[in-house]
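Undergrad: One structure follows; several queries about it will come next.
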Amino acid sequence: MNDSLTYTHVNLTRWVSSILSPIILLGCAVGNIISFMVLLRPRLRRQTTSIYLAVLCVAEMGTCYTGLLRQFLLDAFDFDIRLLNSFTCRTHLYLTYVFLRLAPLLLAVVTLQRYLYVSQRAVCTLRSTCIQLLSLFLFVCLAEFHLFTYYDLTYSDTRPRTEYVPFECTVDKVHHKKYYDFRSKVYPKLALVAYTIVPLAIIILGNVLLVRTVRRASKRSRSSTRKKRSVTRMLYAVSVLYTVLTSPASIFLAIAPTNYQLAPGFRLQWTLLRLLFYLCHSVNFLLFCASGTFFRQEFISFINSNCGCRISWTDHSNQPLTTAAITKLDEETLPPTTKYNNHNIILLGSEKYSSRLHSKASVESQPTSV
């Protein structure tokens, strides 16, 4: 009975993973590539937060295509890239953990940086941003380099050493006993604190402070904080979704007893939580479009300039604006193909269409005052 139940859970787990994993991988690739290109367009990259979010897109793609892709190949084709040779074992494992560690640290740093910028406690320049990103990357690479050093294709650490047991990508607990004890007892606790508890605390506290600061700034000057609020909303959305979707997997691993891993339902439960975790890394584009006004404008401008089509978009999220109400900040951040009229702002993506309107207006218009 137990063997039959286990077989059923294994097959169901493989079926769920084989169906959902390609969808998440496709969404991750398309969404993060588009988000990366839009975030680095001239008007958005003036905000250093956009540079952080662009690097976050790269880290999240790396997380999905090292972790989830391997698991999909295992479930769908029974193929493990880490078992090809010693080099792929070490390299793939190392890159998996580097990308996995980068994502929460990037979110924590960008949240802290955004709060310091909005509250005017620090000046954030392109140079300082690049230095911070490079330092963070080097820190993670050095902190996880022990995985590349000690892991290898060797005997299993949980099975008896016989010639009939295939090698695994793990640590040889006979030749590296001290490191094996460190990896099994100390490293999981250090990783939980450094890469989960501390980043989540910074993300939650930083966003609370950001909400309070932005509300105060909006009361003082509504027009001058429009772009700040747009970029900050994107950061809110990413931070909240990351906390909601990644916490269940971390809590499950923390509270589940070791012997529960032998239960028939463990593999299915862990697979669903793992898919939920990777889903978090594939929906950034939807979050940016839903929460960022300037991201939507730049995305439409990006489509118009690269696809040869015209997309019109009217922003009804705010009160109607007149040309007299458009500030210098808006003029610098709105796309160059934006036409102003007396009641709203209409985005025109075709240069040919815009020039025809301009020619017609030059003939028929009379001098007027706004």
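A Cβ is built for glycine as well, from the same backbone N, Cα and C atoms used for every other residue.
Because the structure is a prediction, the values reported are computed rather than measured.
TrEMBL lists 31-288 with the feature domain 'G-protein coupled receptors family 1 profile'. Here TrEMBL flags 20-40, 52-73, 93-112, 133-151, 192-214, 235-255, 275-295 as transmembrane segment.
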Undergrad: Restricting to CB pairs under 8 Å, which listed stretch, 20-40, 52-73, 93-112, 133-151, 192-214, is in contact most with the transmembrane segment (275-295)?
TA: 20-40
Undergrad: Cβ under 8 Å to the transmembrane segment (93-112), counting only same-chain residues 6 or more beyond its ends: which ones?
TA: 49, 52-53, 55-56, 59-60, 62-63, 66-67, 70, 82, 132, 136-137, 140-141, 143-145, 147-148, 151, 169, 191, 195-196, 198-200, 202-203, 206-207, 210, 235, 238-239, 242, 246, 281
Undergrad: Using a Cβ cut-off under 8 Å, which residues of the same chain at least 6 positions beyond either end of the transmembrane segment (133-151) come close to it?
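TA: Same-chain contacts beyond the flanks: 51-52, 55, 89-91, 93-94, 97-98, 101-102, 105-106, 109, 169-171, 176, 179, 183, 194.
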